[in-house]
């Protein structure tokens, strides 16, 4: 009764806002005070007290109870009426923090801007407003506030500097690393773990792992975050060796790796192509008793796809189910790719169909799986399904999707379809990336489609991809294969950091078009530039020697491969030297090389020797080679037709007819080759038998005119006359 009477009397002199608030707080389910009368009396006593400490605890308690914007603003009103906010930086800081927690950034900023100037020297106030901005992604605002703070002569402390360093990291202001590092040293915070860890995180983002390592070594105290930052930093630099050294050092210092540590180690080895090591470290992670993260599983399954290690992936698949990672899409998508790449597309599709909310990454995983398994029709069907789903669930094909489809068509020899999908991709306003561009340039090189290749080159320049080494190499290859070596050479010379592929592309280009001396010159220049030639480079230069008839130079390169370059000749190299010797008539030497090969000769080697026998009408060697080829390629007609032509050239018509009859008896059919020609930006495809009778009268006079010009040129470098092959031109 006493409390009730007192409440009725004092209610009359408390402002209406505060009365409402008293009732509001008394009804709050989280308050520990059950009696509204007690709350009201306590409230009034606190408001009329001159004890700042009591007021602070009272308002701080109320702020802790606030769950809504209305409640927080009512407490704010009480604080303003008490004038206490102008005396307490701590209370203002707490009020800012509560507003920020509720997402009311404008209210938080309003509190900060209305405090007295005296309180602006309180670092707690600055910390609260900076934290409010950084936690809500307003990084520019945070940096602007920090500049204002510095202009007032204030220096950041161990709470403020980590916030500013985090803002710099997210904004990409990596150039400020050194400035803040100096500031940390000047204000004596170089031993503050939170500050140094944030600085340690910023350096790798700036690509300055050397500075990060020096800072790390100087740290008197480290925690697990310090070690993880360094391992992840080296991982992003593709420096597996350094990442492993830090990882081993961490364990020597008795820090146990956690999920973040293991995931960084796995990612590092995966990015560096050290797939076997990924399996090793994944096993060690499981043996250590650490919980396996979804990210680690995604990396592991991606590596299983690369290694085609389906059996290993299947064992861990059970862990995914038991560990509750089935709904974690990155690991599920990687698992889809594992099954798909191994040809188990039904299992891959089953996993895909189980996903309830499919993102574009899931669609891409299955489409890529179909493409890798050579099931192009299924990939295109799924792509069409995705296009239809776009209208239902707003999942749209991205650059990865389009590139997979374009690549799939190209691999299956459907270059025209690839270009059509590329046009559709452009129409859909999806920007091509470097992988897409390289794929299209490869198609342009194979068709060839020079005009489109030039258009792509223009696109590369406009989109600032001209410094991408993959794109530059693809351009060199495209121009070289299309016969425009002058343009290819210009692109090649413009490459600042040439790699082995750059050199191989230009050497091959010169060689295939008969510029052997230029190809050899570029080969020597490559070696003098410090590059060690690989097998592809040696194939290119040997092929150049073959086309130009440079026998001695070709012999020199071939027989010095092992001693000079540390490379043992492979099938392709043997094919080149056999072709070189065979073209100039050294059939016996070429035949001996084939007989003495350390491995069984494959089709490329035997085919080169058989073709040389055709050139020089050598039936004896040809018969044995054709017999070997028919065993290696029982369903191909090539060796039969070549042997038949050799018999015909030697006047042995009966044997020629017998060979053709044998091919017919085995029901072997010649697969017609196709050719493309580009006229006025339009490509035309034609093959043997595709020309109708009415077009003969137009085509053959032109063909005969070309042959007559070739005959006037006389014999080729290998001593053969074009007239010997006239039957092939008119067949």
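Quick reminder: no glycine exception, Cβ is built from N, Cα and C everywhere.
Averaged over the region 'Type E motif' (605-680), the predicted model has a pLDDT of 73. Annotation comment: Swiss-Prot describes 605-680 as region 'Type E motif'.
Swiss-Prot lists 681-711 with the feature region 'Type E(+) motif'.
Residue counts for the repeat 'PPR 1' (88-118) under DSSP, helix first, then strand, then coil, are 25 helix, 0 strand, 6 coil. Sequence annotations record features per position, and here Swiss-Prot assigns repeat 'PPR 1' to 88-118.
Per-class residue totals from DSSP over the repeat 'PPR 2' (122-156), listed helix then strand then coil: 26 helix, 0 strand, 9 coil. What Swiss-Prot records for 122-156 is repeat 'PPR 2'.
Here Swiss-Prot flags 157-191 as repeat 'PPR 3'. With a threshold of 8 Å between CB atoms, the same-chain residues lying at least 6 positions outside the repeat 'PPR 3' (157-191) that come near it are 123, 126-127, 130-131, 133-134, 137, 139-140, 142-143, 146, 149, 197-199, 201-203, 205-208, 211, 215, 218, 220-221.
Non-local neighbours of the repeat 'PPR 4' (192-222) in the same chain are 158-159, 161-162, 165-166, 168-169, 172, 174-175, 177-178, 180-181, 184, 229-230, 232-234, 236-237, 239, 242, 253, 255; each lies 6+ residues outside the stretch with a CB under 8 Å from one of its CB atoms. Positions annotated as repeat 'PPR 4' by Swiss-Prot: 192-222.
Outside the repeat 'PPR 6' (258-292), and at least 6 residues removed from its termini, the chain residues within Cβ reach (under 8 Å) are 224, 227-228, 231-232, 234-235, 238-240, 243-244, 247, 250, 299-300, 302-303, 306-307, 309, 312, 319, 323. The repeat 'PPR 6' annotation in Swiss-Prot covers 258-292.
For 293-327, the entry in Swiss-Prot reads repeat 'PPR 7'.
What Swiss-Prot records for 359-393 is repeat 'PPR 9'. With helix defined as DSSP H, G or I and strand as E or B, the repeat 'PPR 9' (359-393) counts 31 helix, 0 strand, 4 coil.
Residues or ranges marked as repeat 'PPR 10' in Swiss-Prot: 398-432.
Annotation comment: Swiss-Prot describes 468-498 as repeat 'PPR 12'.
Taken from Swiss-Prot, the feature repeat 'PPR 13' covers 499-533. Residues of the same chain lying 6 or more positions beyond the ends of the repeat 'PPR 13' (499-533) and with a Cβ under 8 Å from any Cβ of it are 469, 472-473, 476-477, 479-481, 483, 485, 488-489, 492, 540-541, 543-545, 547-548, 550, 553, 565, 567.
For 534-569, the entry in Swiss-Prot reads repeat 'PPR 14'.
The repeat 'PPR 15' annotation in Swiss-Prot covers 570-600. Summarised by DSSP class, the composition of the repeat 'PPR 15' (570-600) is 22 helix, 0 strand, 9 coil.
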Inset, instruction - Determine which residues of the chain contact the repeat 'PPR 14' (534-569) at the Cβ level, with the cut-off under 8 Å and only residues 6 or more beyond its ends counted. - result: 500, 503-504, 507-508, 510-512, 514-517, 519-520, 523, 526, 576-577, 579-581, 583-584, 586, 598, 717-718
